[in-house]
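Here is what Swiss-Prot says about this protein:
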- 5-25: transmembrane segment (TRANSMEM)
- 43-63: transmembrane segment (TRANSMEM)
- 74-94: transmembrane segment (TRANSMEM)
- 108-128: transmembrane segment (TRANSMEM)
- 152-172: transmembrane segment (TRANSMEM)
- 179-199: transmembrane segment (TRANSMEM)
- 225-245: transmembrane segment (TRANSMEM)
- 265-285: transmembrane segment (TRANSMEM)
- 301-321: transmembrane segment (TRANSMEM)
- 336-356: transmembrane segment (TRANSMEM)
Amino acid sequence: MYYSIIISLIEVVLVLVPALLGIAYVTIAERKTMASMQRRLGPNFVGYYGLLQAFADALKLLLKEYVAPTQANIILFFLGPVITLIFSLLGYAVIPYGPSLAINDFSLGIYYILAVSSLATYGILLAGWSANSKYAFLGSLRSTAQLISYELVLSSAILLVIMLTGSLNLSVNIESQRAIWNIFPLLPVFIIFFIGSVAETNRAPFDLAEAESELVSGFMTEHAAVVFVFFFLAEYGSIVLMCILTSILFLGGYLSINSLDVFNFFYSILFNIGFIDLNFFNIFYYFYKEIFVNNSIIEGLIYGLTIGLKSSILIFLFIWVRASFPRIRFDQLMAFCWTVLLPLLFALIVLLPCILYSYNILPVNVL
């Protein structure tokens with residue numbers, strides 16, 4: 001009993017520590033990328049090329065004096081950011097970083113991620129209401145309305161993916177893309193899902209919950225020092241999680257190009273032009289297969305690097321969108337969800353099963 005608990009704790013640490021480190025470096029990447037787009041240098045003093053800037057900022061916030069409003073509900077004021085951070089990190093428990101490389105790869109993984117991401121709304125609502133501030137309360141209401149609305153967009157887009165794969169299990173969704181990634185037959189759905197992900201994570205141009213010109217800093221206006229770090233980590237943790245989920249649903253997750261196929265392709269070219277002989281190929285092929293293909297450690301690293309690379313590209317798109325587009329009005333944001341995205345998704349939900357059924361490729365467990 002105790003042994004299994006210790007193993008579970010080790011698994012949680014092995015997943016969350018790299019995730020938190022990745023979140024820290026996403027903040028640095030965002031600042032450096034936006035600086036490059038705006039012809040600035042960005043952070044470049046703390047550490048080599050500014051690589052330790054996030055840790056310096058975290059230390060600064062941890063050492064700051066914590067101040068709370070006198071009329072605030074102190075317990076809920078502290079509890080709101082903690083709840084938001086916990087639910088933003090719970091989604092990492094079902095992410096498969098490779099075959100059988102997940103804390104708990106159970107059959108309802110997609111449903112679980114949608115559930116815990118929607119529960120983070122309670123933390124934002126508690127934080128805004130308990131601060132006893134008009135700006136914080138209005139920001140929390142805006143954020144709640146936005147998250148609930150775009151949760152429908154994400155759920156509807158995921159439903160279209162499930163129609164192709166026939167499962168709510170993340171690993172099954174990845175393995176079903178060995179022939180072709182879902183982004184190719186479902187490109188419009190991918191675009192809608194990406195837009196919904198940007199809105200779901202309160203990122204520009206959909207960051208209406210913390211619009212500086214209207215709400216000072218939204219639901220986190222009164223929070224400072226350590227509890228502000230919780231909100232900060234929760235926001236960027238949600239960004240990384242949504243990018244990983246997008247790469248799993250549409251970009252094949254940890255699946256990469258078969259290295260043996262690439263090897264055979266280049267060998268056939270070199271052999272046909274007489275650059276190498278057959279004996280050299282057999283020796284090199286044997287060592288290559290033993291070191292890179294049959295080695296479970298190397299294979300696991302390749303899986304992790306693959307899903308990390310795909311997620312990094314999507315994170316860059318998040319940053320690119322933030323640096324390129326102006327903030328829209330809140331009524332435009334909600335109208336775009338309810339009058340454009342959702343009707344379009346409902347039309348696709350009706351159209352896609354008809355196409356799949358007419359070609360007899362609808363998964364059996366969806367019928």
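Numbering starts at 1 and runs along the chain as it is shown here.
Note that Cβ sites are derived from N, Cα and C of the backbone, with glycine treated the same way.
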For the transmembrane segment (179-199): best-contacting stretch of 108-128, 301-321, 336-356, by Cβ pairs under 8 Å:
336-356
Do any residues, 6 or more residues outside the transmembrane segment (152-172), come within under 8 Å Cβ-to-Cβ of it, and if so which ones?
94-96, 99-100, 102, 105-111, 114, 182, 185-186, 189, 192-193, 195-197, 199-200, 248-250, 253, 337, 341-342, 345-346, 348-349, 352-353, 356, 362-366
Restricting to CB pairs under 8 Å, which listed stretch, 43-63, 108-128, 225-245, is in contact most with the transmembrane segment (74-94)?
108-128
Within-chain partners of the transmembrane segment (108-128) [C-beta distance under 8 Å, separation at least 6 from its ends]
76-77, 79-88, 90-91, 93-94, 96, 136-141, 143-144, 147-148, 151, 154-155, 158, 162, 168-171, 173, 200, 209, 218-220, 223, 231, 234, 238, 241, 245, 249
Are the transmembrane segment (225-245) and the transmembrane segment (301-321) near each other by the rule of at least 3 C-beta pairs under 8 angstroms (pairs 6 or more apart)?
yes
Distal contacts, the transmembrane segment (336-356) - CB-CB under 8 A, six or more residues away:
149-150, 152-153, 156-157, 159-160, 163-164, 188-189, 192, 195-196, 199, 328, 362, 366
